[in-house]
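Novice: I am attaching a structure below and will ask some questions about it afterwards.
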Amino acid sequence: MAMATAACSRAVQVMALAMAAAVVMSTVPASGTTTTTLQYGFYGSSCPKAEETVRNVVEGMIMNDPTMGAAFVRLFFHDCFVRGCDASILLDPTRSNRQTEKTAIPLRGYDAVNKIKAAVEAVCPGVVSCSDILAFAARDSAVVSGNFAFAMPSGRRDGLVSSALDVIQGIPSPAFQLQDLIDSFAAKGLTAGDLVILSGAHSFGLTHCSFVTSRLYPTVDPTMNATFAAALKKVCPPPAKGGGGKAVSNNQVTDPNALSNQFFKNVATGQVMFTSDQTLTSRSDTAAMVADNAANPVAWMARFAAAMVKMGGIEVLTGNAGEVRKVCSATNTAS
């Protein structure tokens, strides 16, 4: 009973910290030219059960398949970093646009988002945007996979444009060094601190061997833990032998489906997948952030919540801009 009480107290503390931080961050400019105009409880009158409906469907999906939590967070990140948080990542190719964003990068969760949208449409047709559904799903993934809750403002509208070329220009590469990452995040109105904090999402989820083999072959990256590298080599063969598309867990150290500050401990011991992960310790200020997040799990949860809300305000469409799609995979006038 004492253990349960302590866990409950920590959850309440984390939620209070996260919500307070999120409220502050929601007023920060989302990019160099755009300020967010999102609201907490945006659907309070127009669709009171919107967030509850999303939460119920997301929880069920993650309980059925624990890897889905990371999939939702990754979809949200990729959507926001390409054209802003406008659900453009969800659009299918059409006869007039065969090269949408989803053709440029393999992501999971599209069908899952369509199912969430269908559930929300059954409650409130034509009211809740796909971009808000993505934001809520990412937030609710933290609840199920990370055991911490926070508020997510809404009021986003869905974009009408999706281009594969924008993915190449907007998404930071896992091969980036630190300054390239900082520059990429700065272009979206995010700081080096946001970069470090949000990288904690690599504590869970799946990647593919093709993103890892350059650090294993022909020689092991000296910044990678030798024992960790040897274990990865058993999973990921040399590029010449194929297998680049084989899925591998981001977190090979502990639970690969738990969102936590374990990532920062993994960075400190050289047990992370990407160059973009390990490079966080290449400068004293970001290395100090890694160490602090590794030592303070509750503080990291609150910071992660605030950074997610801040990221969720990047170049959003609000008011009369964009539209509210009937289905997430197509604009309302798709052809």
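Quick reminder: no glycine exception, Cβ is built from N, Cα and C everywhere.
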Novice: Mind checking which of C47, C80, C85, C130 has the disulfide with C124 in TrEMBL?
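Specialist: Between C124 and one of C47, C80, C85, C130, TrEMBL records a disulfide, namely with C47.
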Novice: Give me the long-range Cβ neighbours of R74 (site 'Transition state stabilizer'): same chain, 6+ apart, Cβ under 8 Å, in sequence order.
Specialist: L107, R108, G109, A201, G205
Novice: Measuring CA to CA, name the entry from the recorded positions C47, C124, H202, C236, C328 that ends up nearest S88 (Ca(2+) binding site).
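Specialist: So, of the listed recorded positions, the one sitting closest to S88 (Ca(2+) binding site) is C328.
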Novice: Need this for a regression test: recorded positions C47, G84, C209, C328, filtered to those with Cα within 10 Å of H78 (active site, proton acceptor). What's left?
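Specialist: Within 10 Å of H78 (active site, proton acceptor): G84.
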Novice: At the Cα level, what's the spacing in Å between C130 (disulfide bond) and C80 (disulfide bond), rounded?
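Specialist: One finds 13 Å between the Cα atoms of these residues.
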Novice: Can you tell which of H78, H202 has the least company, meaning the fewest other C-beta atoms within 10 angstroms of its C-beta, among these recorded positions?
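Specialist: Lowest Cβ count within 10 Å among the recorded positions (H78, H202) is H78.
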Novice: Inside 10 Å of the Cβ of G84 (Ca(2+) binding site), count up the other Cβ atoms and send me the figure.
Specialist: 23
